[in-house]
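The following features are taken from TrEMBL:
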- 53-72: transmembrane segment (TRANSMEM)
- 115-136: transmembrane segment (TRANSMEM)
- 171-196: transmembrane segment (TRANSMEM)
- 208-229: transmembrane segment (TRANSMEM)
- 285-309: transmembrane segment (TRANSMEM)
- 329-351: transmembrane segment (TRANSMEM)
- 379-397: transmembrane segment (TRANSMEM)
- 403-425: transmembrane segment (TRANSMEM)
- 450-474: region 'Disordered' (REGION)
- 459-473: compositional bias 'Low complexity' (COMPBIAS)
- 495-515: transmembrane segment (TRANSMEM)
- 521-542: transmembrane segment (TRANSMEM)
- 559-609: domain 'Cationic amino acid transporter C-terminal' (DOMAIN)
- 563-580: transmembrane segment (TRANSMEM)
- 586-604: transmembrane segment (TRANSMEM)
Amino acid sequence: MLVREQSSRDSDVDYGRRLSGVFESLVRRKQVDSENVTRENHHHQLAKKLSTLDLVAIGVGATIGAGVYILVGTVSREHAGPSLTISFFIAGVAAALSAFCYAELACRCPSAGSAYHYTYICVGEGVAWLVGWALILEWTIGGSTVARGITPNLALFLGGEDKLPVFLARITIPGLGIVVDPCAAILICIVTALLCFGIKKSSLAQTIVTTINVCALLFIAIVGGYLGFRDGWVGYELPNGYFPFGVNGMFAGSAVVFFSYIGFDSITSTAEEMKNPQRDLPLGIGLTMLICSVLYMLVSTVIVGLVPYYALDPDTPISSAFASYGVQWAMYVITVGAVTALFASLLGSILPQPRILMAMARDGLLPSIFADINKHTQVPVKGTIITGLFAAALAFFMDVSQLAGMVSVGTLLAFTTVALSVLILRYVPPHESPLPSSLQEAINSKLSQLDGESPETDSNVVGDSSSSSDKGNTMLSYPLIERDVSREEKRRKTAAWAIALVCIGILIVTFTASAKYLPSIPRFVSCGVGGVLLLGSLIVLASLDQDDARHSFGHRGGFACPYVPFLPAACILINSYLLIDLGLATWIRVSVWFAVGALVYVFYGRTHSSLVNAVYVRTDYVDEICCSSNHVA
């Protein structure tokens with residue numbers, strides 16, 4: 001009986017340890033890539049060849065897709081009317097909030113992992129895996145959707161689908177009803193091959209097609225402006241005024257066109273390939289947002305002014321607007337712009353994906369084949385080929401337009417976690433860093449030194465004995481020499497609770513605002529409670545001093561996000577609302593993808609993570625331990 005009770009007790013302990021191990025794996029955080037890590041993994045480094053001009057070309061090309069050639073018609077007809085320009089402006093301001101957050105983290109943590117990397121450092125492995133897995137979905141479906149959109153535009157340029165070469169024309173498989181698109185698959189293979197030749201050649205191709213697209217948009221603005229001043233802006237001379245759908249319609253239009261600004265985050269995935277990331281990243285992101293915003297507003301101002309919003313063709317609004325003035329030949333210029341915009345967007349969709357996979361493989365969460373860098377081209381050729389073939393197969397066999405909403409989940413989730421990471425970095429930056437277990441001897445030496453200096457603080461220097469034996473999860477703490485330590489810990493706890501309550505308040509507000517099926521009174525009360533919680537937590541957070549350790553976190557210098565904590569909180573609020581408002585059908589599809597990702601993480605990523613045997617020490621001691629280890633070696 002005693003043996004049975006003892007074995008039962010042991011099994012309960014083992015089960016508890018397993019649960020504890022799973023939880024610890026979800027919250028463990030990696031270190032910002034340092035010079036030591038760079039030297040240690042030199043064979044995994046990418047070529048630093050990109051300049052600010054290259055970044056702007058990649059960002060503008062990835063952001064301005066052919067959607068603007070259609071959105072102008074649909075959004076003005078259904079939501080905004082002549083106030084479409086203001087809708088684009090508001091959406092641009094909302095997207096700029098995320099751009100500010102990206103700019104700071106990209107300067108401090110320049111890595112190919114983009115939002116996945118920032119989240120891994122500031123939030124934890126579990127959320128980082130979720131973000132990385134969502135980004136894989138975003139770039140795959142996004143690239144396949146764009147590729148299938150090129151075929152009809154190419155057919156329009158040539159004069160009809162019957163003018164396409166046989167090997168490019170869409171074919172319906174008898175009996176299955178599947179429409180295969182060889183043109184889309186071939187284009188993805190061409191882009192994949194181009195990306196394998198090196199980042200500089202890829203950026204040159206992106207610069208060329210983006211320049212053609214920008215010239216087409218400028219043509220629309222200049223020639224359309226001339227026609228408007230010559231014949232009068234009939235689109236603005238309407239009896240129902242500038243806001244035919246009211247101010248609410250204008251804001252609804254902003255929510256729709258917000259997704260036309262998605263794409264600038266692809267810049268941050270090339271952070272390791274920049275010559276000077278601290279300078280070039282903020283400039284690249286800022287110029288990308290400025291160029292896209294100006295072009296969007298110019299085109300929308302001209303088109304809704306040339307033709308009344310209700311008379312715009314929802315499928316070809318720009319071409320039909322010019323045709324109404326007898327400028328039919330402009331269709332060819334506009335079609336060239338749409339095709340080049342799609343090609344640039346396709347290149348911008350496939351470029352970041354192998355780099356995200358490479359970052360996850362470096363951390364051990366995916367097989368190491370994705371982390372291989374070709375020694376000649378200095379790009380992840382194997383990962384590029386694998387992702388290109390998968391995207392090509394998807395574009396060839398499937399009409400992925402129904403899955404397009406899933407693309408937004410990855411982007412909005414990344415925007416949200418990046419803004420959260422900025423709050424964590426400013427107020428509660430990680431004060432412990434993981435070191436490889438190979439440095440255990442140097443860590444023990446430092447531990448002995450601290451024990452000798454402060455024998456009364458053994459329990460504070462080392463964790464409890466039960467945890468210290470679990471795979472080297474030993475943790476060095478500050479010796480209690482300074483009296484201000486307890487005050488600093490109190491500030492960190494208050495800040496952490498305030499950030500958590502800000503997020504809870506945002507979730508209550510956004511969920512209640514989206515739940516239109518709720519009665520008005522409970523909805524109003526819930527929004528009020530969430531708003532009070534959000535504002536109160538923000539006031540508490542703003543009254544606290546930001547952590548001094550933020551100045552030494554990651555790479556120094558570069559851009560700093562302004563108006564913290566208000567700007568990141570506004571970013572989280574906007575993106576959370578858009579996430580919840582995507583609809584139940586989209587979330588059901590995404591849940592299936594996340595369930596597959598959870599299985600991959602549990603059975604592979606969690607056990608192969610580079611942090612499995614990591615030893616966590618106080619950040620203050622990392623450099624000293626590494627130096628002593630190098631000295632011994």
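Just so you know, the numbers here start at 1 and follow the chain as drawn.
Cβ coordinates come from backbone N, Cα and C, glycine included.
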* To do: Using Cβ atoms only, state whether the transmembrane segment (115-136) and the transmembrane segment (285-309) have three or more pairs under 8 Å that are 6 or more apart in sequence.
  => no
* Asked: Should the transmembrane segment (563-580) and the transmembrane segment (403-425) be scored as in contact, given a threshold of at least 3 Cβ pairs under 8 Å and pairs 6 or more apart?
  -> yes
* To do: Would you confirm whether the transmembrane segment (285-309) and the transmembrane segment (208-229) meet the contact rule of 3 or more C-beta pairs below 8 angstroms, pairs 6 or more apart in sequence?
  => yes
* Confidence summary for the domain 'Cationic amino acid transporter C-terminal' (559-609), mean pLDDT rounded -> 92
* Sequence-remote partners of the transmembrane segment (379-397) [C-beta within less than 8 Å, at least six residues beyond its ends] -> 46-47, 139-141, 143-144, 147-148, 178, 180-182, 184-185, 188-189, 191-192, 195-196, 198-199, 350, 353-355, 357-358, 361, 369-373
* Could you pull out which residues elsewhere in the chain have a CB under 8 Å from any CB of the transmembrane segment (403-425), counting only those six or more residues past its ends? => 97-98, 101-102, 104-105, 108, 114-116, 118-119, 121-123, 127, 130-131, 134-139, 141-142, 145, 259, 262, 265, 499, 502-503, 541, 550, 553, 561, 564-565, 568-569, 571-572, 575-576, 578-579, 582-583, 585-587, 589-590, 593
